[in-house]
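What TrEMBL annotates here:
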TRANSMEM  56-83  transmembrane segment
TRANSMEM  95-114  transmembrane segment
TRANSMEM  134-160  transmembrane segment
TRANSMEM  172-193  transmembrane segment
TRANSMEM  205-225  transmembrane segment
TRANSMEM  245-268  transmembrane segment
TRANSMEM  288-310  transmembrane segment
TRANSMEM  322-341  transmembrane segment
TRANSMEM  347-371  transmembrane segment
TRANSMEM  383-408  transmembrane segment
TRANSMEM  428-448  transmembrane segment
């Protein structure tokens with residue numbers, strides 16, 4: 001079937017993609033699979049690596065992590081404008097997947113290269129201060145290159161097609177691939193470190209990071225090769241960098257989506273972080289922590305696979321997000337009235353929770369992809385990169401908020417690792433597992449529901465334009 005090119009205006013005719021849907025979805029999803037191979041390694045294992053293998057001083061752990069996140073944050077802000085103003089024969093966003101693949105792979109390997117894995121001649125000249133500097137430098141370089149590629153990848157969704165239904169399918173495929181990568185990295189990293197290290201932990205981590213980095217970079221290149229920027233932007237008529245930024249900030253739809261994404265991630269992170277504590281101490285099934293977490297992740301992955309069919313035959317993405325937030329809030333509440341929860345009941349609840357909330361983020365990101373066409377057409381500039389930057393920043397801030405909420409609450413409760421916990425700590429863990437995420441999900445529901453209608457939610461009218 002022939003395909004047509006248009007100017008990216010979402011009010012125009014929908015684009016016909018000349019390939020079948022699933023090859024394109026798989027090609028786009030390989031990008032997030034590659035990103036999550038290295039990101040989950042950074043996010044889930046870096047503290048353990050620094051403390052147990054790198055032997056980084058305790059005082060340096062938090063500053064190094066903040067340096068990496070700070071570089072990610074700053075580069076995300078800058079990258080949005082840079083990508084929007086890029087012109088090449090490969091498009092505006094795809095080239096960054098190709099350009100950043102190798103540097104990101106090298107940065108990942110350097111990040112997980114402890115001095116003990118360096119050549120002997122270099123080890124002789126490395127003290128504590130040099131190790132701390134290395135950790136700071138590699139964390140910041142990793143954050144910068146990750147943001148460079150990830151912002152462009154997120155913005156690419158709005159340029160592949162302007163069919164809202166297909167954008168939901170692409171977004172769902174992306175998050176399904178991401179969930180698969182998370183499961184693989186969390187399940188196999190430590191066994192692989194032992195296998196490749198042969199008793200040398202530092203060497204094992206370096207080799208595993210090399211394995212993930214190579215596979216991740218190949219997946220990014222595969223995403224570059226398998227996608228095309230078919231939606232053509234309007235010619236830029238306003239050459240003032242501040243104008244697109246101000247237009248995005250003044251978009252009520254964008255602000256609502258930012259807030260909904262931040263709240264969703266805060267709730268999901270809070271619930272996911274406290275789950276091992278609840279399963280171990282409140283439910284008394286510490287040996288089933290991994291299975292309980294995996295059941296939720298697999299259910300969320302299945303929900304992502306089903307999401308395109310819901311969008312095509314039943315529901316628009318905003319309603320999917322609203323229902324996901326409402327269901328997430330309701331499914332957090334049953335353990336609040338349970339006594340000692342039985343394991344089958346808890347696992348069933350985790351599966352239902354994963355199915356209900358697994359559609360939330362894909363639906364929100366498909367809504368983000370709807371915004372650039374309207375803003376670009378009205379303003380004479382490109383905004384897809386800026387919108388992608390904002391969506392990723394809200395995603396990361398929400399995750400950080402959820403993690404800080406749990407860690408600070410446990411500290412306030414006086415939690416100490418022990419076989420059993422006092423009653424007030426158990427009550428606090430239950431509160432964090434039930435009432436807190438339920439309340440945050442309800443705020444997400446209200447953010448998406450109150451004051452908007454389906455026809456006007458993703459519609460930036462003249463009052464929102466500069």
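Backbone N, Cα and C atoms are what each Cβ position is placed from, and that goes for glycine too.
Pairs of Cβ atoms less than 8 Å apart link the transmembrane segment (95-114) most often to 205-225, out of 134-160, 205-225, 245-268, 383-408.
Among residues of the same chain six or more beyond the transmembrane segment (56-83), those with a C-beta under 8 A of the stretch's C-beta atoms are 42, 46-47, 50, 92-93, 96, 128, 131-132, 135-136, 139-144, 146-148, 150-152, 155, 241, 244-245, 384-390, 392-393, 396, 400. Relative to the transmembrane segment (383-408), the listed stretch 245-268 leads the set 245-268, 288-310, 428-448 in CB pairs under 8 A. For the transmembrane segment (288-310), the residues of the chain that approach it from at least six positions outside its boundaries are 21, 25, 165, 168-169, 171-173, 175-176, 179-180, 182-183, 187, 272, 275-276, 279-280, 320, 343, 346-347, 350-359, 362-363, judged by C-beta separation under 8 angstroms. Beyond the transmembrane segment (172-193), the same-chain residues lying 6 or more positions past its ends with a Cβ under 8 Å from any Cβ of the stretch are 25-26, 28-37, 40-41, 44-45, 157, 201, 204-205, 208, 211-212, 290, 294, 297-298, 300-301, 304-305, 307-308, 358-359, 361-362, 365.
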